[in-house]
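Listed features, source Swiss-Prot:
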type     : residues                                                                          : note
BINDING  : 51-52, Gln129, 175-177, Glu195, Arg200, 241-242, 262-266, 272-273, Tyr321, Gly491 : NAD(+) binding site
ACT_SITE : Cys409                                                                            : active site
Amino acid sequence: MTRHDPNRVIRPPVGPELTCRSWLTEAPLRMLMNNLHPDVAENPAELVVYGGVGRAARDWESYDRIVETLRRLGDDETLLVQSGKPVGVFRTHADAPRVLIANSNLVPKWATWEHFNELDRKGLAMYGQMTAGSWIYIGTQGIVQGTYETFVEMGRQHYGGDLSGRWLLTAGLGGMGGAQPLAAVMAGASCLAIECQPSRIEMRLRTGYLDHAAQTLDEALEIIERSCREKRPVSVGLVGNACEVLPQILERGVLPDLLTDQTSAHDPVNGYLPKGWSLERWAAMREQAPDQVEEAARASMAEHVQAMLAFRKAGVPTVDYGNNIRQVAKDAGVTDAFDFPGFVPAYIRPLFCRGIGPFRWAALSGDPDDIFRTDAKVKELIPDNPHLHNWLDMAGERIRFQGLPARICWVGLGDRHRLGLAFNEMVAKGELKAPVVIGRDHLDSGSVASPNRETEAMRDGSDAVSDWPLLNALLNTASGATWVSLHHGGGVGMGYSQHAGMVIVCDGTEAAARRIERVLWNDPASGVMRHADAGYDIALSVAREKGLDLPGILG
């Protein structure tokens with residue numbers, strides 16, 4: 001089993017020429033490769049895409065076999081992938097998914113990092129995160145709009161909708177956390193982001209998600225103070241350990257206007273640098289004594305959360321951004337760790353009740369112009385949404401593409417299928433240079449059960465019920481998605497989440513149009529169903545408005 005190969009540089013084919021037997025297999029091939037593009041993946045030599053050790057394939061041998069199999073796969077066959085390893089090809093039918101993926105799933109009693117890491121070391125499992133192992137990661141852009149929407153809502157709730165002259169304090173500039181600086185600036189606030197790995201700060205500078213790198217805390221705070229005084233939002237990255245820097249800021253009596261965190265706290269071995277440790281010691285100890293790393297990291301996270309609680313008590317709006325750091329701190333003895341809320345119940349759930357979530361698409365042509373053309377089509381089809389238009393304008397100006405050109409755009413039930421059909425028609429008419437794929441994050445309205453994140457504090461207490469993502473995956477399979485995935489542990493770590501993903505290809509055919517209409521209606525509708533079942537009035541109203549047939553819910 002080979003997991004480290006620095007000589008591998010993966011880039012997807014681009015343009016209209018096929019390297020597989022059809023676009024339904026070419027698309028997953030290109031998106032798998034795109035996940036490992038050097039401008040996309042956090043550590044491509046080890047197949048790590050983002051989120052600690054979220055991989056695209058179990059090992060390089062498995063990657064090669066997946067590629068070989070996709071190149072020969074027929075239009076009536078389906079490839080099964082088990083934790084990043086291709087395990088079977090079966091005869092199905094033309095409207096069935098071409099790939100079905102299951103990653104990191106464990107029987108609940110054994111769903112712990114300890115058991116998973118043992119399997120991982122034996123080469124029997126792979127952590128798929130959310131979009132790493134499901135081949136629809138589009139770089140940091142994938143989370144930018146969700147982060148932007150969260151910050152805008154924080155500004156609306158706490159500062160009258162105006163974040164000018166305000167600043168956000170956070171930590172973590174990995175694949176997900178790296179969206180925070182740009183999202184904050186787009187929302188009108190400055191941002192100070194602490195990151196322990198200099199390479200991540202360098203990557204965010206290179207890809208345009210970060211404006212400045214500060215060498216000291218004094219320098220960072222000086223830049224922030226000046227930007228707030230001038231009401232010119234900027235983002236600053238500071239090399240440091242959050243559990244050490246946050247208390248230092250507290251000691252100075254400096255208070256941010258908003259506080260959150262996106263360190264990889266979900267993985268206490270691979271994701272969080274213990275207090276006082278060097279990166280070199282951390283890397284060595286992960287190999288030699290992972291139990292000691294975990295113990296030290298958990299204690300450090302407890303101190304981190306205690307500092308966040310102190311900021312909250314000083315009046316700073318504080319929110320958990322879904323990395324499970326509160327749970328780790330509570331387990332370590334911080335009894336009031338959950339005194340500040342998660343971002344979904346605090347700011348995002350009303351969108352989920354409407355089936356609105358992180359709709360995304362990528363241009364298989366590799367041509368940015370295809371994305372700009374689809375941006376214009378979105379505006380044409382949804383003309384009366386100035387907030388959405390503003391987002392698309394900002395994205396076009398500020399977001400640099402990583403790997404295949406792509407776009408993230410939060411839309412919901414009633415709009416997703418219309419956009420998909422329009423994109424498919426654009427391919428059919430030759431307005432786009434090649435097909436596009438449409439997918440989403442697993443963080444969506446009906447596709448995840450995560451009691452410390454997406455389903456925290458559900459109205460009916462159904463936070464931990466994971467039937468919903470299973471039903472979502474089954475429904476998308478039956479509806480004809482091109483590939484469907486079912487994962488465990490994404491975002492918050494082993495034992496704390498189950499979630500499903502789907503991707504569908506717009507290749508310009510009538511058959512694709514039929515699949516698109518089914519999938520892109522049913523997928524967000526399942527989210528409205530899930531929230532209606534939990535008793536949310538918004539979801540119940542949307543379900544009636546859209547004519548959803550929910551016999552056990554609407555009566």
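Any Cβ shown, glycine's included, is placed from N, Cα and C.
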Message = Can you give me the Cα-Cα distance between Gly491 (NAD(+) binding site) and Cys409 (active site) in Å, rounded to a whole number?
response = 20
Request  = Looking only at C-alpha atoms, tell me how far Ala242 (NAD(+) binding site) is from the residue listed as 'active site', rounded to the nearest Å.
outcome  = 31
Note = Same-chain residues at least 6 positions away from Cys409 (active site) with a Cβ under 8 Å from its Cβ, in sequence order, are Gln145, Phe359, Arg360, Val378, Leu388, Trp391, Leu392, Ala395
Request  = Would you mind checking how many other C-beta atoms are within 10 angstroms of the C-beta on Tyr272 (NAD(+) binding site)?
outcome  = 30
Query = In sequence order, what residues of the same chain, 6+ apart, have a Cβ less than 8 Å from the Cβ of Gly51 (NAD(+) binding site)?
reply = Tyr127, Gln129, Met130, Ala132, Gly174, Gly175, Met176, Ser264, His266, Asp267, Gly271, Gly490, Gly491
Query = Relative to the Cβ of Glu195 (NAD(+) binding site), which residues of the same chain, six or more apart in sequence, are found under 8 Å away?
reply = Ala171, Gly172, Leu173, Gly177, Ile201, Gly237, Leu238, Val239, Gly240
Task = Could you tally the C-beta atoms, other than its own, that fall within 10 angstroms of the C-beta of Ala242 (NAD(+) binding site)?
result = 30
Note = Gly51 (NAD(+) binding site) falls, by three-state DSSP, under coil
